[in-house]
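Peer 1: Have a look at the structure that comes next, please.
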Amino acid sequence: MAKFAPVQYKYIIKAEFEIDGIVDREDIIGAIFGQTEGLLGMELDLRELQKQGKLGRIEVEYKRVGNKTIGTITIPTSLKAVETSLIAAAIETVDRVGPAKARFRVKEIVDVRSSKREYIRNRAKELFVQLLSKTAPDIEELRRELEEAYYSKQLIEYGEEKLPAGPLVEKSDEIILVEGRADVVNLVKHGILNVLGMNGINIPKSVVELSKRKKVTLFIDGDRGGELVLRNLLAAGADIDYVAVAPPGREVEELTNKEILKALKSKIPLEQYIKNLRISINNDENKEKYKELLSKVFDTKKAIVFDEQFNIIDEKPLEEIDKLPSAYGIAIDKILDNETYAKIKGKYQLILALDSNVNAQERVITLKDIQ
């Protein structure tokens with residue numbers, strides 16, 4: 001917060017001075033009192049005004065430059081504007097400090113109340129914005145919280161892992177498998193009650209066992225993380241019959257009823273989904289570039305980063321991977337695991353690795369994908 005003179009003061013006189021000699025603070029103050037005495041009568045005598053509390057302490061800041069003394073003075077007053085102006089003008093008449101010639105010039109008279117009003121105006125704006133941000137509800141967020149609270153009551157806990165599930169997951173011959181609790185809540189909200197959440201990418205044993213007894217449609221987000229979820233499910237021995245995908249860039253938990261139904265209606269057999277993935281990678285015009293970059297790091301225990309033209313920018317040993325700069329992509333001589341991913345998350349758009357067991361936000365391409 002800005003500092004102001006005591007509340008009784010209305011104005012602050014600010015002046016500069018230049019003295020042709022070496023003097024001290026006491027000499028300067030003495031000259032101001034002495035040479036203004038009697039100029040404006042007893043009513044505006046500086047000493048009398050100080051005794052009455054209408055004039056504050058004269059503050060002097062100065063320094064010596066060669067054989068001269070230069071600096072500034074500030075004088076707070078509680079007088080009216082006219083009287084303050086007279087005193088300011090009187091100070092400019094001081095032409096000597098001791099035996100040395102002096103020149104005083106008033107720079108400005110600060111209206112303390114105006115400064116306070118400006119501070120109040122600006123601070124009030126800040127406080128008003130803070131107040132609105134705290135008191136004005138985010139309707140969308142409130143809606144989600146209320147829906148979460150309401151529809152969560154309809155969920156059950158499934159299996160020894162107590163997975164979030166719709167009330168018909170055990171009775172139905174077909175189930176919809178999703179990643180997390182928020183996905184389950186959203187589907188239940190829209191009337192899909194045979195849904196089961198996995199609570200992450202570590203595949204629960206209950207999910208694998210249930211997939212052996214029921215037809216399973218895996219419903220994944222519209223990003224590349226879904227590919228890893230599927231890979232982990234298959235690696236864990238789960239039987240997946242169909243795959244449904246949310247619209248590009250969308251998450252299952254945020255889909256509308258229409259979007260959910262459309263995605264589920266467009267589900268495809270697992271074999272076709274895997275085939276489509278292979279075609280997508282094979283048709284990538286940069287496939288050979290990916291191979292080349294992975295071959296450069298293969299068996300080197302290093303990581304390299306590259307730009308959008310696949311020019312190598314920097315490389316470091318894997319133990320120093322967190323020291324590499326942000327760039328378009330990174331290629332690493334190892335399997336992408338959670339520990340490594342934590343060090344590079346958010347720094348690259350593309351990650352090339354020998355293999356991966358991470359649900360990464362970025363695009364991840366492995367040796368299997370490009371062979």
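Keep in mind that glycine also has a Cβ here, set from the backbone N, Cα and C atoms.
Fair warning: this is a prediction, and the values are worked out from it, not measured in the lab.
Annotation source Swiss-Prot lists Mg(2+) 1 binding site at Glu179, Asp221, citing sequence analysis. The Mg(2+) 2 binding site annotation in Swiss-Prot covers Asp221, Asp223, and the record cites sequence analysis as its basis. Marked as domain 'Toprim' by Swiss-Prot on the basis of sequence analysis: 173-248.
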Peer 1: What Cα-Cα separation, expressed in whole Å, is found between Asp223 (Mg(2+) 2 binding site) and Glu179 (Mg(2+) 1 binding site)?
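Peer 2: Here the two Cα atoms lie 13 Å apart.
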Peer 1: Should Asp221 (Mg(2+) 1 binding site) be counted as helix, strand, or coil on the basis of DSSP?
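Peer 2: The three-state answer is coil.
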Peer 1: If you average pLDDT over the domain 'Toprim' (173-248), what do you get?
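Peer 2: The answer is 88, the mean pLDDT of the model over that range.
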Peer 1: Once the chains shown are all counted, how many other Cβ atoms turn up within 10 Å of the Cβ of Asp223 (Mg(2+) 2 binding site)?
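Peer 2: By my count, 18.
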Peer 1: Around the C-beta of Asp221 (Mg(2+) 1 binding site), how many further C-beta atoms are within 10 angstroms, looking at every protein chain?
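Peer 2: Asp221 (Mg(2+) 1 binding site) is surrounded by 24 other Cβ atoms within 10 Å.
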